[in-house]
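Copied over from TrEMBL, here are the features:
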SIGNAL    1-26  signal peptide
DOMAIN    38-353  domain 'Glycoside hydrolase 35 catalytic'
ACT_SITE  E185  active site, proton donor
ACT_SITE  E263  active site, nucleophile
DOMAIN    400-512  domain 'Beta-galactosidase 1-like first all-beta'
DOMAIN    537-593  domain 'Beta-galactosidase galactose-binding'
Amino acid sequence: MAPRKRLCLPVLLLPLLSLLLPQADNRSFIVDRINDRFLLDGAPFRYVSGSLHYFRVPRVLWADRLFKMRMSGLNTVQFYVPWNYHEPEPGVYNFNGSRDLFAFLKEASLANLLVILRPGPYICAEWEMGGLPAWLLQKPEINLRTSDPDFLAAVDSWFTVLLPKLYPWLYHNGGNIISIQVENEYGSYRACDVNYMKHLAGLFRALLGDRILLFTTDGPEGLRCGSLQGLYTTVDFGPADNMTKIFALLRNYEPHGPLVNSEYYTGWLDYWGQNHSTRSVLAVTRGLENMLKLGASVNMYMFHGGTNFGYWNGADEKGRFLPITTSYDYDAPISEAGDLTPKLFALRNVISEFQEIPLGPLPPPSPKMMLGPLTLHLDGDLLAFLDFLCPQGPIHSILPLSFEAVKQDHGFMLYRTFLPHPIPEPTQFWVPNNGVHDRAYVMVDGVFHGVLERNMKHQLFLTGKGGAKLDILLENMGRLSFGSNSSDFKGLLEPPVLGQMVLTQWLMFPLNVDKLVKWWFPLHLMKSTRPQAPSGPTFYSTTFPIFGEGGDTFLFLPGWTKGQVWINGFNLGRYWTKRGPQQTLYVPRPLLFSRGGLNKITLLELESVPLQPQIQFVDRPILNSTSHKTFVYSLSVETSSAPEPMELSGH
């Protein structure tokens, strides 16, 4: 008989280790339709969740915001995945830095938060083009969010990359994702293409398996087109809506199982030119309490809003084009700067009546910093830097081309032509068929003459010599992001007209302003070209030290009109001081060099500069100061100059 092999110690320990380690096979999150509830690992479970978007918060602050959510009594965090944030060009993917959503999943796990994931492909979220990549519009006839083969091919390619990366993070695989939404509020979209929704559901199942809970969410009016058999149906509504009526309607689509409000609105978004939106603490807490009494699961949208840094804000079309502000504070329980508000403490008290909340003190507000006023110095007008802004040179075309046609997704593009003959008398300059998308800054031989704007009647008259250089700087203010939006092309969509003459023979310069600010301006190029009297789009900058530790702060731009601002090369976003309501820009402390380090701020002012070109940093935000008179020339006869209440139209 052969001698028996001795078992090594690791083999003997395997059964013991298997008992000590958590078993993915024993983990489950399912719908108990008999008892109208969720079961987590076989035990009754109700989630009280909050929305936070990793793409609106600097990565270094993720842990802080998630910890505060957990300490508020939440057991789950809900967030979107914006496709355009991760696939900037077809087949080019970015999951690094603040785009590392898997690092965010890990931070949520460390905060002891489960995850409800909303990967789209369309997300709304008041985000640029609702999260869809602008490069889709390089095929002008594409039908977004339908079973158009071109759209489906792009979606399939994206999800074939994304969803397998998420598979290890599913709850039953040992991760923290308990459910995943398919599309987003599809019932609010004009197409109502059931084959498209079926295609997505099949794709999710093929790549994620059968065990993950897939769901849809819609406003009450969207349940008919947004729901799909085989996907769990949820609804969204705010504190002012009739909860009893809406949940009764939901039961027509989901007769058994837990009631779920996937977006319970704690506040609302802001548009440039409207008042800052708020929701009362009492209304929000009463609504939450009533839902929890029914045993419903709830996600609060937003629990922490964050910021639309850079060019990432979306827009709505509600009688006119309404771009969304840089601040996404949302009047949420956690403020844009990450501070706990009275709304949070009131909601925490409600949650504590229904489930245990973590023990321990809640964090105090972050330190805030005041500095200034600081005087900015003139760097030069934008046209002087054209060789650096567009080193590859212009694109030639008889008629102007859109941003999408020249693969310019965001920011600015300069259109240039030359007057074919003298224009001695003031002659009206206009673009037919509302063809300015979204805002045009008009210059003749470098002299600024005025602005044309989407959906707005501006009287603009030009004169000039034969051969005079006509420059039009076009600003993309953010693509439509909600509901029935069609493809939102940017730029000059029609050839401009001077008097009765259609202007042709255009040069188009796609501008990379961020690259200029980050790489060229630090070299202090072109000092000798600084003009004495700036006209039109102009760069200003200064440097400043911060002594001590510094803190979070808010950039205040009194007297400035409209533009873009960078700090240490980071694009803080748009300011529109003249229109409001937002008057300050949130500056997170990690963006600043403290202890005597030298910081640089750069402004691209697009219209007019105050007599004293100064800015200052203040210790609190100013989010509600609006001038409505700017809307008096709307093209829409239905639009008045008074502020209008916005419907809770969804995300």
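Placed from the backbone N, Cα and C atoms, the Cβ positions cover glycine too.
Take the CB of E185 (active site, proton donor) and look out to 10 A: across all protein chains shown you find 26 other CB atoms. Cα of the residue listed as 'active site, proton donor' to Cα of E263 (active site, nucleophile): a distance of 11 Å. Every protein chain shown contributes to the tally, and the Cβ of E263 (active site, nucleophile) ends up with 26 other Cβ atoms within 10 Å. In terms of DSSP secondary structure, the domain 'Beta-galactosidase galactose-binding' (537-593) contains 3 helix, 28 strand, 26 coil. The average per-residue pLDDT of the prediction over the domain 'Glycoside hydrolase 35 catalytic' (38-353) is 97, rounded to a whole number. Residues of the domain 'Beta-galactosidase 1-like first all-beta' (400-512) grouped by DSSP class, helix first, strand second and coil last, total 3 helix, 55 strand, 55 coil.
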